[in-house]
């Protein structure tokens, strides 16, 4: 032991366990969930996984509630793990949002009533199109690996929005992306499309990660550190090479914009949204968007606020491109999932407007928008999963003709959700757009807001087209049927639509909450 | 020796990887090109680490390798499964989702 | 010669009985609301409720009047603040009432004549299906008209102004199944819009220049305005008055408005609403006092209108339309009077009151005749009706004598005073306006006598025709008591009101706190001379009419081969043609051009944009080739663009 005595005592970094408990709970549950997959017999897995996942959300939510509620001395937030992770007001808002939306997605994922056995393949190893594949399509089992994958992805998202240095952010990015690549390929039906979506998402995602990483490396070269705070300090009047700074910033932002599916880095979005199993699409569309914009907000605000004069114009152009691409290309889509994908590209443009108006209003507006958009999106995909024919989901728009006559309730809910996406008053979409645009105008982005309003008007057309199609067309004789959903999907759709309404009528509490404080670094 | 050469080399490798992603058809090769890009980044990190006279960049290089390894696992799984389905690893064959 | 702006005397807060003045508005409004909301359940008693609310308002108005009469002149103006109406930034419009001699005079006129006409309507509308709704509209009208005269600012006045416009529109179009009633209602509404626009712009100017729209503040500070602004305001207010009061060039809607039921014509289009323009100018006297040019324009409009009305009145064969043009012409007198300024405001109001009595009486008489003659309006199909309708004839004849200005009937006092005051104007103006007014008096006597002869005297031409045009046989009969009593009351007014108001300058003294003291003028002709001249000219007119129409039997259809003046008069002196050429046709052309631009340009633009978006969308979506490598290319290109742009911004 003399050997040990000679060693200088080291001081481990302080860890604020109560603050990061929600992430730890989700990650730990993900590991337990993997063990379930390894050791439980197949027929018990679904029930066990569902129970575990529910408990995880309850536990993480409780931990988060306790921390946020008990917070007194650290009211505006802390950094922990040697400053690698920050837990401040926006992060708590984003964590709550992610947990709520993740819970909604899990409900859709776990549902086995809409599609007998669930939306996921029973045995992913079986080749599509073979006899075994047709047999497994009718089996009631599913690859319950989707649960641990979801939990890992969710944990990655939670770390991503809290990451206070670029390396942590990169790791979190991979932790959230890798499970999603796999989940995209797990659809029970149309497996060719599903696998194709997985390949495309994976290759493009890896490509984008490389950009992010190269940006990280250049910024490391510029600032000598990858901590956001250090980069911010370095940008304050140093004699270092601005080429490194802006090349690094550009590459980093490209990686982030890819995840947020902002045009022109959106190319994967329609294909993957269409090919992936609908519950996974809901998860991606809601949670990934939240995580990506959470990261963008933090990076832009914390690290690059001082240089905003140089980059703001560029992101201005990106936002315009995204809104125009989303709105114009959405016009001629014939598949409802692809249409929602283009709508999400347009929404990404709107969100980017809020993100580049670097004010408190911009921050709180964007956070509110994310919450509102996430709930609406989950409900939208929940509804889409209900319209089915013998081949599975009937996503072609022509099959939606006259749906209001078959199922007035479903058509009514979907109409309401589409109006929310279009930003009609009394829906959360209107309030979200309003606060974001108001913040942008205050910060001198009025021309951008004009473009955004025009894009909203164009985009409203394709939402209304679906409404017209549902209400004013004759239903086709061999059209799809509307499945009566089980409890899980019903809850997800109901809650999504209800939140859309509540945030549209009484948004003040959520707005206050979103505006409770800024980033800590 | 000026570190600029190392940085230029890594930039060249990164560009080669990017071009490779664009021009190669085989999914495995495309994926290897992505790995090439990641390793180009590693070279950059190590160079800057030396320039700054600290080890942070080199440690980050290890992180990147770990992530790359994980990515290989996931990537090869996906490519394997689609290869079994289509009997082809060409990324141009996966062309059902479009417009 | 300008009097101090005595209309701006400080108002005291209303107290005592006056603090209940909101009842004046609330009672008729309550009646209207009940009648409209209760639906068919109110059919049995609705008309009684309608009458009761107006009579109650009249009783309250009388009480208020006598209370005020007991106060000193400086205490007679009071304001009653009700609530803040439009508190928006710098614009703070309060909803308040102004009780002063002028508004009280109007309250008595409106509720008094209104009560009589409500009672008359019980009988007149007895056979109509929607009588309840009719009374609701009448109540609505009375409420709005009271708001118009009681409001303490121009915005409140404007509110009432639009309210009476609405009620008038609803009532003109009462017989909505008749195309001419519908188009008359539309015409009235549209032509009133032109005038309302002027009033609105005048209010905007006041607010812009003075930041306030209440009478007290505007009149107190009106001398801060530049003379240009004052002239603009006076002319724009005049435009408003022209629209509402049927003055040249906006007179054409008033005769058409006779398509409504006769009580409506009597109340709205003779006694009250159409005099709102006179009220407006008299109320704004502190503004008009400051602009001699503005008043000259007012006088010109008044003079032109009174002649136009007389001339056209000579040629018409429709009972009510003749009376309508007579109204146009008499309001021309009033406008002329208020245009004279401090020498004329009180005279205009006095003529307005006497006219309210005798014209309402004449209209009710006309209604009574038509009621007894199968709703026949063509005077050529009448004749000799005096025998069959003695009460109607007697009351009508008294109104007739009042109108043509035979002493001692009321019209003589009020009209002669105006003519004399017009002669009092200096220089050429005295001769021109005095002469016009005298000529008008002669023409009035002529066309009214023609009316009298064709309707009540001469051969009963209807006997030859036997049936009216709709096939029913003529059985002329006297009207029920509910119609006769109002006619009798109004006839009493026609006889005595003029002398009563004129005697000892009773009215002028009463109105002094609002309009300033009535000034005397001595012009080219003295008063006695004017009186003699006007009576003489009227008698000439009467004689001429007897010579032309009384001696030989008249044809039952109007002669077509007539001289140019008659043709011109029958064509409304080409007023409609003028309006058509000046406003309607360019309007039509403009709207056609706009339709063309809309079809080809705007729609083209919209459709073109849609097609462009759809087309580009259809092409652009082909870029989504489905090949992952092309997606990677698009990302790389995007990244290069972002990088290039960033570096360019930094290093350029």
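The backbone N, Cα and C atoms fix where each Cβ goes, glycine too.
According to TrEMBL, the feature transmembrane segment maps to residues C:385-406, out of the candidate ranges C:363-384, C:385-406, C:407-428, C:561-582. As annotated in TrEMBL, transmembrane segment covers the listed stretch C:631-651 rather than the other ranges in C:610-630, C:631-651. Matching C:166-186, C:460-480, C:481-501 against TrEMBL, the residues noted as transmembrane segment span C:481-501. TrEMBL lists transmembrane segment for one of the ranges C:80-97, C:134-151, namely C:134-151.
Of the listed segments C:227-243, C:244-260, TrEMBL assigns transmembrane segment to C:227-243. If one looks beyond the transmembrane segment (C:189-207) by at least 6 residues along the same chain, the residues whose Cβ comes under 8 Å of a Cβ in the stretch are 91, 154-155, 158, 161-162, 165, 168-169, 213, 218, 229, 232-233, 235-244, 250, 252-253, 280.
Proximity of distant same-chain residues to the transmembrane segment (C:134-151), defined by a Cβ-Cβ separation under 8 Å and at least 6 residues beyond the stretch ends, is recorded for 21, 24-25, 27-29, 31-32, 35-36, 46-47, 49-51, 53-54, 57, 96-99, 102-103, 106-107, 110-111, 114, 117-118, 121, 125, 128, 157, 159-164, 166-168, 170-171, 174, 261, 263-264, 267-268, 272-273, 276, 279. Counted over residue pairs 6 or more apart, the CB atoms of the transmembrane segment (C:481-501) and the transmembrane segment (C:385-406) come under 8 Å in at least three pairs, which marks the two as touching. Under DSSP, the residues of the domain 'NADH-Ubiquinone oxidoreductase (complex I) chain 5 N-terminal' (C:85-135) split into helix, strand and coil as follows: 29 helix, 13 strand, 9 coil. Two recorded stretches are said to be in contact when at least 3 C-beta pairs lie under 8 angstroms, sequence spacing 6 or more; the transmembrane segment (C:385-406) and the transmembrane segment (C:528-549) meet this definition.
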